[in-house]
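Feature annotation from Swiss-Prot assigns transmembrane segment to 29-49, 90-110, 116-136, 147-167, 186-206, 207-227.
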Amino acid sequence: MTHPFVLLKWLIAKLHFGFSAEMLEQHGFFQHVTHTWLVMAILIGVGLLATHRAGLVPGGMQNFMELVLVEIRGMVRDTMGPKGMVYFPLIATLALFLLVSNLIGLIPGFAPPTASLNTNAALAVGVFLVTHIVGVREHGIRYFKHFMGPVWWLTPLILPIELIGHLARPLSLSLRLFGNMYGHEIVLMIFFSLVPLLLPIPMMLMGILVAFIQTFVFMLLSMIYIAGALEEAH
């Protein structure tokens, strides 16, 4: 949201030494970085609660997190196959971080980190690098053969197309998430300014749906990209 609590502004100023809350308010980057730290703290706290006194018969937070992770593991297995299960921790971390980041923006006084292009670009570039590192590790130098095309005389045509397609992946991942989350924030802000009591409620409910959909899309595309790098290079 665009009107943080006074306490949150004070905390931001304390975290970024040498800056006042007013100065930080002029730079949305610092606000999103601070909320990113908050999301990480929430995930660490949930993880500690889930693993504290963990038992064979799960209960409470352990039961909830096991249900969430089992669902994510099923999606990873269905999309990437058994060979892709080694990347389950990466995909699960992405999914949990994105979901909490998207949902936190629905709380008045908080801004979703995913409404910043910097956050989304960092995640998208990370997926891009992992994809090609996996490809090289699995297939060696043969991984780059699929950039050249099936026959050598098609290389001048296929190579630029493949390069543009791969370079567009982090761009599309980051811009899609940024556009949806930032756009929803703007719409919600407008509704709050017009009718601050009841009218924003449907938009907030839609925001929950958008948060889950955007998390799923980012996670699914990441799995598809990495699974493509795992396949036999042709």
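From the backbone N, Cα and C atoms, a Cβ is placed for every residue, glycine too.
The model shown is predicted, which means the values in this text are computed figures rather than measured ones.
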Most CB pairs under 8 Å with the transmembrane segment (207-227): which of 29-49, 90-110, 116-136, 147-167?
90-110
Please give the sequence-distant neighbours of the transmembrane segment (116-136): residues at least 6 beyond its ends with Cβ less than 8 Å from one of its Cβ atoms.
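Residues 28-29, 32, 36, 87, 90, 94, 97-98, 101, 143, 166, 169-171, 173-175, 177-178, 218, 222, 225-226, 228-230, 233 contact the transmembrane segment (116-136) from elsewhere in the chain.
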